[in-house]
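Just passing along the structure, written as structure tokens.
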Amino acid sequence: MLAAAASVKPSAATAAAASKLAFKPLHLPPLPAAGPRPLSISVSVRPLYRQEPLFLAAAARNDRAAPPAATADGARPVGVAAPEETARRAKIGVYFATWWALNVIFNIYNKKVLNAFPYPWLTSALALAAGSAIMLVSWATRIAEVPDVDLDFWKALSPVAIAHTIGHVAATVSMAKVAVSFTHIIKSGEPAFTVLVSRFFLGEHFPAPVYFSLLPIIGGCALAAVTELNFNMIGFMGAMISNLAFVFRNIFSKKGMKGKSISGMNYYACLSMLSLVILLPFAFAMEGPKVWAAGWQKAVAEIGPNFVWWVAAQSVFYHLYNQVSYMSLDEISPLTFSIGNTMKRISVIVASIIIFHTPVQPINALGAAIAILGTFIYSQAKQ
């Protein structure tokens with residue numbers, strides 16, 4: 001047995017050779033300099049000795065699986081907003097602030113003009129004419145993209161423009177007869193008209209909270225109307241007709257514009273132009289150039305050159321605030337728009353009371369607050 005073991009024991013020379021072979025150092029090529037590797041190098045052709053550390057490989061896998069600042073499932077962590085989302089929110093904030101500011105300025109100058117020049121048909125036409133001129137110049141100078149519209153577009157827009165014209169003139173008539181605050185309190189009841197028209201004319205059904213939200217709207221408007229110190233039936237009816245017309249405008253707009261691609265800015269521009277064409281014959285028939293000339297001379301004699309500025313300001317700001325509101329619709333949901341519209345009315349009511357020193361009784365203010373609160377509740381319940 002010892003002889004057999006001795007026969008398989010390696011010689012000293014063989015053991016020394018094996019030891020040298022086992023501990024022979026590997027001469028590896030130098031590692032590349034630090035920095036990002038070219039994307040053209042495929043993972044499958046990397047030499048084995050260039051494997052990345054474990055934490056770097058895991059980070060690379062996460063970068064490929066999800067966008068930056070995101071979790072593995074693609075959801076962004078709380079408190080970390082993408083730059084695009086932050087920019088969008090800032091854009092919406094600018095839209096809202098601009099929308100409210102332009103609306104307040106328009107209402108102030110519109111009331112100043114109507115106090116000195118009580119001709120709402122011409123005042124309404126001038127506002128539409130100013131907006132049409134602004135957009136034609138914008139299209140001619142390529143500041144705004146020229147819309148690609150056809151005959152079918154104008155046919156679909158026609159009922160929208162008719163309703164818009166009626167609502168615009170009716171609101172201006174109301175503003176000429178009553179205080180700005182009272183007109184907007186009554187116009188805050190527009191959701192009630194929306195529900196009633198949709199229910200009885202279109203057969204739509206709404207959940208119970210929507211119907212209950214109408215109670216404070218109707219009750220608040222009624223309380224404000226009864227306690228209004230300068231109540232005028234023509235002014236009241238003008239605001240009510242404006243509500244009804246704008247409800248039909250929204251309905252026609254939703255039905256007729258399905259499948260048509262056009263920006264909010266260009267949509268309102270086309271709407272203004274078509275409304276102006278519809279309004280002009282009625283403006284000439286209701287008031288006429290002789291009445292306008294006499295009223296203009298009287299207003300300039302009483303106010304001075306500032307009257308011309310007032311007319312220009314109310315015309316331009318009417319278009320601008322409506323244009324911004326339509327541009328906002330491209331960026332926000334209908335719920336957010338409804339809330340913004342409610343807040344807009346509050347800003348207009350408060351600003352007009354301060355500027356025109358409108359007398360307001362506590363019970364009248366309570367009615368306005370109830371109506372506006374009901375509008376807010378409606379916007380929540382509708383969604």
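Each residue, glycine too, has its Cβ placed from N, Cα and C.
According to TrEMBL, the domain 'Sugar phosphate transporter' annotation covers 91-379. The transmembrane segment feature in TrEMBL is assigned to 92-109, 121-141, 206-227, 233-252, 264-283, 342-359.
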Who are the chain neighbours of the transmembrane segment (264-283) in space, where the CB to CB distance is under 8 Å and they lie at least 6 residues beyond its ends?
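For the transmembrane segment (264-283), the sequence-distant neighbours (Cβ-Cβ under 8 Å, at least 6 residues beyond its ends) are 121-122, 124-125, 128-129, 131-132, 135, 144-145, 147, 149, 153-154, 157-158, 160-162, 164-165, 168-169, 257, 319, 322-323, 326-330.
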May I ask whether the transmembrane segment (92-109) has at least three C-beta pairs under 8 Å with the transmembrane segment (342-359), counting pairs 6 or more apart in sequence?
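Between the transmembrane segment (342-359) and the transmembrane segment (92-109), contact is present.
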Same-chain Cβ contacts of the transmembrane segment (92-109) under 8 Å, 6 or more residues past its ends?
175, 180, 184, 310, 313-314, 317-318, 320-321, 324-325, 327-328, 331-332, 336, 340, 343-344, 347-348, 351-352, 355
For the domain 'Sugar phosphate transporter' (91-379), what's the model's average pLDDT?
89
